[in-house]
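**Student:** What TrEMBL records for this protein is below:
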DOMAIN    23-288  domain 'NADH:quinone oxidoreductase/Mrp antiporter transmembrane'
DOMAIN    290-343  domain 'NADH dehydrogenase subunit 2 C-terminal'
TRANSMEM  57-74  transmembrane segment
TRANSMEM  94-115  transmembrane segment
TRANSMEM  152-171  transmembrane segment
TRANSMEM  202-219  transmembrane segment
TRANSMEM  240-261  transmembrane segment
TRANSMEM  281-305  transmembrane segment
TRANSMEM  326-347  transmembrane segment
């Protein structure tokens, strides 16, 4: 892609998200979401592969549907209350509609069906943008309307996402689909705590973005998109493979890694809010996700690809890819647990 065109598209992505962040009016927020959607579509379709074009079409149709629902719900609210302000949503029908529209935007269960299919059709770099940056603008809106949302609906969305995100990834062999289901499960954890502690949900989002970035960049570095090709990485880049295994365990939420922190704090918050059954179901749903992370770890570090080569190590070419971002995100994904007390003090 022409670098000037790429620069325009990436800056449009940034402007769209920033516009939604800064807006207090529904029309301006909707405009920001639309700019973000239209900016990523050429990035998704740039390969001119049938799978990429199909993924782009699916993405465009779902995002257009969600945007239309947001516009309809905000107009309904303005019609009944005379208010366009995001924090003045008092019409219950409009609130339910807008919650479902934002759930469709980010891919929460039960409106998640587009996400694994779309992510599977994209290259890893665009998939990374879709899994991280594109979640920010809808989450800013969810954060603002969270005090007014229907608590039962929010809990149902969170539980469904955590369970389906864990269950759906169990039989997958494509890494991008596994990461899509991982995304759905993490979004469920963020939604379940959004009404009780919005700051905790934002902390979870930041850590999820850090860990997912590290995972995507690792797979990009080793040029791997299938579970079977992960077995080849150990002999090529043993150190990176070890770090990737730790990052995947961090995504699964195992102590003493960073990913344990948000799960621990969210379960604690749910228990404080007198929701022990919800906390128990979320903890059990996390085990489903942990299974497919362990499966990926096993493929990466405990299996060796069948080969007839008698040499002890394979031929290694020096990679031309930059690894600074990967190094920073991997370090953050593995080492932030000790600062949990400081984060708790800031979040409360």
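Counting starts with 1 at the first residue shown.
Each residue, glycine too, has its Cβ placed from N, Cα and C.
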**Student:** Do any residues, 6 or more residues outside the transmembrane segment (240-261), come within under 8 Å Cβ-to-Cβ of it, and if so which ones?
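**Tutor:** The answer is 182, 203, 207, 210-212, 214-215, 218, 221-222, 233-234, 286, 289-290, 293-294, 296-297, 300-301, 330, 332-337, 340, 343.
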**Student:** Output the single range from 57-74, 202-219, 281-305 maximising the number of Cβ pairs under 8 Å to the transmembrane segment (326-347).
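**Tutor:** Looking at each of 57-74, 202-219, 281-305 in turn, the most contacts to the transmembrane segment (326-347) are made by 202-219.
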**Student:** Any residues 6+ beyond the ends of the transmembrane segment (57-74) with a Cβ under 8 Å from its own?
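**Tutor:** Same-chain contacts beyond the flanks: 26-27, 29-30, 33-34, 37, 40-41, 44, 84, 93-95, 97-98, 100-102, 104-105, 114, 117-118, 121, 130.
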